[in-house]
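Undergrad: Sharing a structure here in structure tokens format.
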2 protein chains.
Amino acid sequence: MMTTYNFSAGPGVMPEEVITQIKQEFEKNEQTHMSIIEISHRSKQFQTIVTDAENKLRQLMHISDEYAVVFLQGGGSTQFEMMPLNFATNHHEIAFLDSGNFAQKAVEAARELGNKVTTLNSTKNMYYQKLPLLPDDFDATTYDYLHIVTNNTIEGATFHQNNLPKTTGRLVADMSSNILAEPYHVSDFDAIFAGGQKNLGPAGVTVAIIKKSWLAEQDVTGVGPMMRYQNHIDKNSMYNTSPVFAIYTLNLVLDWVIQQGGVTEMYRRNLEKSKRLYAYLDQSEFYTAPVEARARSLTNIVFTTGDLEKDKVIAKQATEEGLFNLSGHRSVGGFRASLYNAQPMSAVDALIAFLQKVEQQA
Amino acid sequence: MMTTYNFSAGPGVMPEEVITQIKQEFEKNEQTHMSIIEISHRSKQFQTIVTDAENKLRQLMHISDEYAVVFLQGGGSTQFEMMPLNFATNHHEIAFLDSGNFAQKAVEAARELGNKVTTLNSTKNMYYQKLPLLPDDFDATTYDYLHIVTNNTIEGATFHQNNLPKTTGRLVADMSSNILAEPYHVSDFDAIFAGGQKNLGPAGVTVAIIKKSWLAEQDVTGVGPMMRYQNHIDKNSMYNTSPVFAIYTLNLVLDWVIQQGGVTEMYRRNLEKSKRLYAYLDQSEFYTAPVEARARSLTNIVFTTGDLEKDKVIAKQATEEGLFNLSGHRSVGGFRASLYNAQPMSAVDALIAFLQKVEQQA
């Protein structure tokens, strides 16, 4: 059987050990009528899973008791609405740094909810290959918060911990595509959220990390119960029926990350994987990795031959050789190799070997 | 190995054939990095699954092209908010029939969103053992819609197709716990929704069936993109990352229902299962099934010895004998045997045998 690798930007590759554990779960419960997707979210079995998952995430990210951790549904897109509904309660104005598609989507959602939105800076005219800087004269006091996207899944630029915008106001981060991939100080943020389907687990669960004292300040009115963080916090992520399978799998993934050595070890591996690929691309005269060096993503490596039609042909050829989902997002084209935590180094080596072969035949 | 049965009210028992198919999916993809939870929601494989699932649901429920069908996240509780946000746009007033806990929750959500809510009738003072009737003088023209819960999962009373309230206005139904369990004429409703975790699949997916012409009349403003049905309809349930595994499993369940003979056959079996259990309970002098005859649920059979402490002891004993999750909802106590589509007749027979044994020993 051909060895295959999956470079999907998400939902994407998961640890093989986790897939095996899921298989065993269904194998064991083929006739019991009590598999993980058949048990009540109020069962002790599931309540233990939720508590374990929260504790493991706290351990991995060093999340203090000053923050609540909740598991929700609806992906990052629902967070684009919950954040304004719960936190844009004073100025009704939110500041954004436009670093790509998902920053723009968050702006749009906040606007549709009736808030004023200010895009402080955008690198759209540079195809988001550089990070937008926080203006020197930024006055945080007139906004409810500043929203950033730490890793731009489509465009490949990242606010790493060492190049985060320095604001004296509240800071909200969408970490959907690089949570647990590199270290961040949670205490630098007032809220963090991440869709599950990259480094955390399958699609269908979203993590939100909320500074309790900030939430306590809010006067949230005219908002439905499901859109209020406080309800989910009060009920330990079981305000209504939780997405049981997604949280079960998330818990297995967190276990795996801990067993592998935690975020420190993930970061070491992700640096090694991405550096090896960028090094190959940078020395190549055939491919270009256009994102500025200091902002390069560890998880979504964007590159191109400069000819989008040629890129498509090569991506198709890659598929035939067992290297799946290398096409860039439909909005930008080119290539995107997603190197999430579960992506083994062997995938990077196989990708480089393939790219070299194509380059030599060109 | 002891034969075990799962009477959970949801998430609950699924068809054994579906559990086997899921096991095989993970078995087959243990090393490919391309299992169902690792593929993109934009992949052809998943797009086919979504289209298939929609077509199968349309086939099973005879849903015409006048209705849109979408797969969402957040469960019925999120629908309690999406319905008012999308449809209470004219009068900002909604009528409810209070038939139990989930009707009350819908009232509360609509109220918190700033709507006027009118509870036309309630059977709360009868412990919801009867259905609330629509008042004869009900004037539908002053409300945006009437909201009902077809099957009351906790209390066990059901608006069957033959005892639906007759309104000249718009009718919205929460069918979370009896969709596909008994036949309804979709054309009698303007919107139907159901959380997945009873008869449709695992927790984490919600089905909404929306009359397109009604939605087209609405002027929806100040609502975020994720809470607008039209966005999900326009993008074929892929407005953002879909809950891939939950929809995959839903599709398997729909396949199974079709193979078994569709809703007609499910209804025949559910009638047979529930009648057998009610018949036993009604002739017993030890147990009582308190719901009025015409409204008795086919899916959630509620009963008690009349002594809630004794009920608890018996439910615990049942667990030891492999009959799981027979306790009533924590808000009401007693017993609740959920007999969803995937519950085999053998489970009912095992339950009756157990109940008889307890009765004889009492």
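One is the number of the first residue shown, and numbering goes on along the chain from there.
The backbone N, Cα and C atoms fix where each Cβ goes, glycine too.
What TrEMBL says about a protein is an automatic prediction, not a curated fact.
What TrEMBL records for B:4-351 is domain 'Aminotransferase class V'. Summarising the annotation, TrEMBL assigns L-glutamate binding site to B:Arg42. The pyridoxal 5'-phosphate binding site feature in TrEMBL is assigned to B:Gly76, B:Ser77, B:Phe102, B:Thr153, B:Asp174, B:Gln197, B:Asn240, B:Thr241. Among the features that TrEMBL reports, N6-(pyridoxal phosphate)lysine is placed at B:Lys198.
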Undergrad: Counting only other Cβ atoms and using a 10 Å cut-off, which of the binding-site residues B:Gln197, B:Asn240 scores lowest?
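TA: Ranked by other Cβ atoms within 10 Å, the binding-site residues B:Gln197, B:Asn240 bottom out at B:Asn240.
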Undergrad: Going by DSSP, give the three-state secondary structure for the residue listed as 'L-glutamate binding site'.
TA: coil
Undergrad: Using a Cβ cut-off of under 8 Å to chain A, which of the binding-site residues B:Phe102, B:Gln197, B:Asn240, B:Thr241 qualify?
TA: B:Gln197, B:Asn240, B:Thr241
Undergrad: Taking the Cβ of B:Gly76 (pyridoxal 5'-phosphate binding site) as the reference point, list residues of the same chain whose Cβ is under 8 angstroms away and which are at least six residues distant in sequence.
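TA: Set apart from B:Gly76 (pyridoxal 5'-phosphate binding site) by at least 6 residues yet with Cβ under 8 Å, we have B:Phe102, B:Asp174, B:Ser176, B:Phe193, B:Ala194, B:Gly195, B:Thr206.
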Undergrad: Taking B:Arg42, B:Lys198 as the recorded positions to compare, which has the smallest set of other Cβ atoms within 10 Å?
TA: B:Arg42
Undergrad: With an 8 Å cut-off on Cβ-Cβ distance and a minimum sequence separation of at least 6, pull the same-chain contacts of B:Ser77 (pyridoxal 5'-phosphate binding site), or say none.
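TA: Listed in sequence order, they are B:Lys105, B:Ala109.
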Undergrad: Mind telling me which of the binding-site residues B:Phe102, B:Thr153, B:Asp174, B:Thr241 has the densest Cβ neighbourhood, counting other Cβ atoms within 10 Å?
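TA: The residue with the densest Cβ neighbourhood is B:Asp174.
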Undergrad: Does DSSP put B:Thr241 (pyridoxal 5'-phosphate binding site) in a helix, in a strand, or in coil?
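TA: In the DSSP reduction, B:Thr241 (pyridoxal 5'-phosphate binding site) maps to coil.
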Undergrad: What average pLDDT does the predicted model assign to the domain 'Aminotransferase class V' (B:4-351)?
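TA: Taking every residue of the domain 'Aminotransferase class V' (B:4-351) together, the mean pLDDT is 97.
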Undergrad: Cα-Cα, whole number of Å: B:Arg42 (L-glutamate binding site) versus B:Gln197 (pyridoxal 5'-phosphate binding site)?
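TA: B:Gln197 (pyridoxal 5'-phosphate binding site) has its Cα 24 Å from the Cα of B:Arg42 (L-glutamate binding site).
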